[in-house]
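Report on one structure; see the data block that follows.
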Amino acid sequence: MLYQRTLKSTACALAILGSLALGGTAQAQDAVNLRMTIWSANEAHLKLFNEIAAGFKQNHPNVSVTYESLPFETYTTALTTQIAGGNAPDMAWIFETSAYDFVKSGALYPLTDTLKAAEGYNLEEVGTGATERWTEDGKLYAYPFSTSPFAVFVNNDLIKAAGAKTPAEMIAAGEWTWDNAIETAAAVAKSGKGGLVVRDFNYQAWQYLTSVWNGWGASPWSEDGKTCTMADKPMADALTFIHDAVFAKKAIPGPGETVDFFAGNAAMTITQISRASLLPKEKPFSWDLVPLPKGSAGEYALIGQAGVGVMQSGKNAETAAEFVAYMTNPENSAKLSQFFPSARKSLLNADILKKTNPLLSQEQIEKVVISGIATGKVMPGHTGFAQIQQMVRSNLDAVWRPEADVPATLQKICGQIGPLLKR
Amino acid sequence: MAVAQENARPEGRSSSPFWTIARRDSLAGFLFIAPQLIGIIVFVLIPLGLVFWYSLHEWNVLANTFTYTGAQNYRMLMEDEGLLEVLGATAIFSAGLVIFNLALALLLAVLLNQKLAGIAVFRTLFFSPVVVSLVAWTIVWGFLLQKNGGINGMLLTFGIEGPNWLREETTAMISVIVVQVFKNVGLNMILFLAALQGVPKELYEAARIDGAPTFKQFRRITLPLISPTILLTSIITIVGSLQVFAQIAVLTQGGPGLSTTVLVYYLYQQAFQFHFFGYGSTLSILLFAIVAILTFAQWQMRKRIVFYES
């Protein structure tokens, strides 16, 4: 009897709780919480994103946007794990390298109609070069909100202390070449500090070496992505040059060595201009920002892109698309361009960029940002990039040894990734 | 119990009630084991069944497609050229880990099985890494093992130029094994210590009277009597070695080449990095089979290697 009574009262309590919970849901059904995964945890970036979210809330009082920062190195893995676990975010940043995977898979909600319908959006001013990777069958699946050129940040204090020529001096003399850049880096390295750091490469993420090997006209695969070109002469020459700079000249910190430019420990670093926010405010050093040096194939520029897309599987995909339209409208794009340069033509002029990039000089903006975006190639990408990346990485480990046989290793890589590229 | 019996047979009821003593006892029994049982069902048995189910499918997370492909993933397993290298690395890692871990644990346990003042301090010191956060432990070792890190810095003071620990194939494997052993050796050490303290002192006394040297005493008395613990620790360590992931992910990411890509890390790459969840599931079935076979084999071997079972 006691058991039955307990059972009945438990059932009653559950029924009351259940109805309360349902009532709560009914009252809050209009509230929309959107979640966007991003790979930046930078305070200044987040402050700006939250301002944009607050601006959207003014016209959409029921919509709240939260940003979830995932670690940069494992970003795509964490994002796909969320999707696999049925916990996909409403919106997500997407790397240019994995753009093909996301755009072609149908995971993203088409944005073209929403963006075109947004008042004053003017999608037409975003060049097709910028949207190519994010478009499938004439529809835009993610908006390339960041078109950030790679450039060389310079620590003039360290270079002058080592008695070497600064990049600015070399540019003025028309001598800003890879050979001379490595010479300066080697001079600083001899003085006990780091030479030139290709940021985020870490002898793992080899795609960042594109900022160097594009100077030789090298590319890991053909334009159509079907043929491996890693064993071709330009790539062999470029990687031999890098190998020499690492092991013979010691101008680039070797594998297993960590040197942070922004802590004042290296002469130069190649990275995107969005990293200007990492420049130290306390104990600043005399820094400069210059274009990539000239390689054997002449002058070149490289841009990294980041797209923002809406997940097709989200419950509020339409509202999320409206938020993306608001976040990337001309007004907000101008605000974002202080960290993430916009591909909008109206924003690619020195006056506007100067206002949003107070850290950069007029000259730096013209020579690095505007000309970089106008002429730069996008970082390489491919369908199934993660697998190709890993296969190349594990083989390239053989190059990062003093006695490496660079051409033979590159031949081996092509033998392995060839079938994957054709897939 | 008397109160419960009264409740079970209320006045005015002559027919047998539903809640008989036997039923109530079994209900109580089930309630007691429920937390463990539910845990095993939800976190072990159901996922195991699901993994097997996934292994028969091609699951594209991005495209949200889930297609039945039968044994295709298992055929892929047989044809996977990289897998042999991965299994080789797994075997080297596990063998190295088990031998080094058990030998060091036993050595430490024998050394610490002394009645000396302050011995408890040493026992605590050697056990303390077990309770340290695994990732924090590994990250700190990552810094120490860098080319310009703490270990090479220390070696340099003796005029020795240390290797690039995590970037050479041999030293990378040795490094991940040592980092893992130092982390967990305390646990096996405590188990060995308990077993050593359970060995009757009279046996050593008798052996001493017979003139048996110390090493012979260890081989003829200690080892046979602690053999059940050796079996237990070796099973735990082998199974544990096949599940090591964080150390590889933090220290080497499976490199250089594929030299430290153990099966669990390979499985993670296939499923979570390359989005081949079906093939990743197939690899985890392979891992499950390997663990099951090894455990079964060791259990069968107990009759031959374990001399004393109470």
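Glycine residues also receive a Cβ, built from the backbone N, Cα and C atoms like all the rest.
Under the heading domain 'ABC transmembrane type-1', TrEMBL lists B:87-298.
Per TrEMBL, transmembrane segment is recorded for B:27-54 (among others).
For B:86-112 (among others), the entry in TrEMBL reads transmembrane segment. Packing against the transmembrane segment (B:86-112) from elsewhere in the chain are residues 119, 122-123, 126, 173-174, 176-178, 180-181, 184-185, 188-193, 195-196, 218, 222, 230, 233-234, 237-238, 241-242, 244, 258-263, 266: each is 6 or more residues past its ends and has a CB under 8 Å from a CB in it.
Outside the transmembrane segment (B:124-144) by six or more residues, the chain places 108, 112, 150-151, 166, 175, 179, 182-187, 189-190, 246-247, 250-251 with a CB less than 8 A from a CB of the stretch. Summarising the annotation, TrEMBL assigns transmembrane segment to B:124-144 (among others).
Residues of the same chain lying 6 or more positions beyond the ends of the transmembrane segment (B:172-196) and with a Cβ under 8 Å from any Cβ of it are 89, 92-93, 96-97, 100-102, 104-106, 108-110, 112-113, 123, 126-130, 132, 134, 137-138, 141, 145, 165-166, 222, 225-226, 228-229, 232-233, 236-237, 240-241, 244, 247-248, 251-252, 255-256, 259-260. Under the heading transmembrane segment, TrEMBL lists B:172-196 (among others).
Marked as transmembrane segment by TrEMBL: B:225-252 (among others).
Beyond the transmembrane segment (B:272-297), the same-chain residues lying 6 or more positions past its ends with a Cβ under 8 Å from any Cβ of the stretch are 48, 51-52, 54-62, 69, 73-74, 76-77, 235, 238-239, 242, 263-264, 266. Annotated transmembrane segment per TrEMBL: B:272-297 (among others), in sequence order.
Outside the transmembrane segment (B:225-252), and at least 6 residues removed from its termini, the chain residues within Cβ reach (under 8 Å) are 90, 93-94, 97-98, 101-102, 105-106, 134-135, 138-139, 141-142, 145, 166, 172, 175-176, 179-180, 183-184, 188, 191-192, 194-196, 198-199, 203, 259-265, 268, 287, 290-291, 294-295, 298-299, 301-302, 305-309.
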